[in-house]
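**Student:** One structure, as structure tokens, below. Some questions next.
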């Protein structure tokens with residue numbers, strides 16, 4: 001029996017390392033490395049517990065199998081392929097962030113990469129090889145990993161454009177923007193290969209942007225395999241003379257990690273050269289947080305949309321307000337396609353201007369970028385706080401009516417959506433020599449606007465000449481006044497004192513059926529919205545609501561904006577409870593010789 005036990009113990013010793021090696025993926029030790037079995041007849045010590053048995057869930061032969069226990073709360077952490085930057089770009093002032101401009105020939109994916117950087121579809125993207133979709137410079141804050149930088153989307157460059165054409169003017173505008181850029185991403189279409197126009201654009205960059213660090217990006221590389229095709233394309237891109245290219249896909253996001261690794265050291269070097277690394281320790285909170293904390297809604301940034309028919313001077317007006325050539329202007333109708341957003345300061349107030357494409361009637365026949373421009377203009381109208389409707393003074397003087405159907409649609413839609421409206425009559429310089437037509441336009445426009453939009457009184461009308469720069473201050477003053485009225489808040493006590501005076505001077509048809517307004521209060525601003533709580537079944541008629549709306553605008557001087565009044569009925573139980581709150585002396589019956597004794601608690 002002793003010999004059999006010794007053989008069994010030696011077999012167990014040989015099996016345990018093999019089992020552990022299979023479970024832990026370790027090499028199985030050879031038979032020579034195992035300890036030799038003791039001679040028969042010698043007493044063997046008890047088998048020790050192996051160190052790995054606890055982790056595997058195995059025990060000695062006399063114990064039962066114990067399943068392995070995995071520690072809770074520990075999940076596999078996915079490693080981030082991008083290294084973290086040593087600068088916190090989220091705390092850097094937006095004006096001090098590095099600026100990157102996207103350049104290249106037409107239809108290489110600059111606008112698609114711009115949308116990828118800013119993480120929203122803001123720039124129009126359409127496949128038009130024979131035409132240019134982007135014509136103006138669009139600006140945004142890009143997010144690539146933990147990097148933040150300002151990105152500029154430019155129009156396609158064509159060096160062979162004739163002088164004075166649209167392409168030549170867009171190239172001049174791109175050259176002017178290069179002066180405030182530190183980096184440039186030169187995009188090429190890797191599917192088409194290196195074109196002669198790409199080489200011309202590279203020469204143009206070396207001439208006009210010699211002090212800017214330029215990076216070549218091979219876009220649209222998602223459909224190419226990696227078996228020598230991208231390598232050959234990269235070798236061909238070296239002919240541009242801007243170093244190693246990066247293969248990316250703006251549509252699918254391919255190559256963004258590689259682009260991050262290239263841009264990160266460049267941005268870190270740029271930030272290290274700024275004083276205090278671009279941070280502002282004196283102002284730890286942002287302007288929006290401070291204003292929101294103070295609670296002044298009228299001091300928040302203002303969203304102003306400039307809308308109108310094509311070729312009425314919207315882009316010229318935007319350049320006049322900004323006092324710089326920000327967007328492309330010219331005599332061609334429909335020149336603006338993208339809705340360009342720009343920021344500037346006026347009287348210590350942040351204003352965001354949006355220049356929209358010409359508002360056209362949707363006939364269903366629009367094709368290409370024109371159809372996208374119409375949709376984008378309507379979206380920007382809904383996002384704005386104040387809408388500046390631009391009219392053409394020359395066309396008004398030559399026609400019978402001041403506003404055409406599309407302009408009436410714009411005005412009514414802005415009022416229905418609760419936006420403030422300011423009418424700007426442009427090109428008044430063309431009527432300076434004809435005093436009769438000048439006075440006709442000055443008198444006809446306000447009268448016709450009141451006829452077309454009767455629900456809103458006091459809509460401001462400003463007569464300007466954007467080409468000469470006249471009327472800039474007047475336009476902004478009217479916009480600011482309309483915005484402050486749009487954000488107005490009135491206290492409930494003030495409204496109820498006003499309501500008693502107004503209801504007393506209103507002529508009611510029947511005093512018995514006169515609606516009884518319990519109280520009147522404002523529930524929201526932007527636009528001002530009021531609620532009339534009724535204590536009777538009789539509701540205010542449309543005539544009564546129009547009377548209250550007109551009285552509000554006249555007494556509080558808040559014309560030019562839409563005002564909404566809603567009715568709410570108070571239940572009878574609530575009215576009964578409110579009427580029994582103020583009671584007089586309490587009458588109590590006491591057992592005395594007299595029948596009734598009136599006891600006043602205040603006299604006791």
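Keep in mind that glycine also has a Cβ here, set from the backbone N, Cα and C atoms.
Because TrEMBL annotations are produced automatically, they should be read as predictions rather than curated entries.
Okay, so TrEMBL annotates it like this:
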| type | residues | note |
| --- | --- | --- |
| DOMAIN | 99-220 | domain 'G' |
| DOMAIN | 304-427 | domain 'G' |
| DOMAIN | 489-568 | domain 'GTPase Der C-terminal KH-domain-like' |
**Student:** Return the average pLDDT for the domain 'G' (99-220) as a whole number.
**Tutor:** 85
**Student:** Work out, from DSSP, the number of helix, strand and coil residues along the domain 'GTPase Der C-terminal KH-domain-like' (489-568).
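**Tutor:** Grouping H, G, I as helix and E, B as strand yields 29 helix, 19 strand, 32 coil.
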**Student:** Could you break down the residues of the domain 'G' (99-220) into DSSP helix, strand and coil, giving a count for each?
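**Tutor:** The counts are 37 helix, 33 strand, 52 coil.
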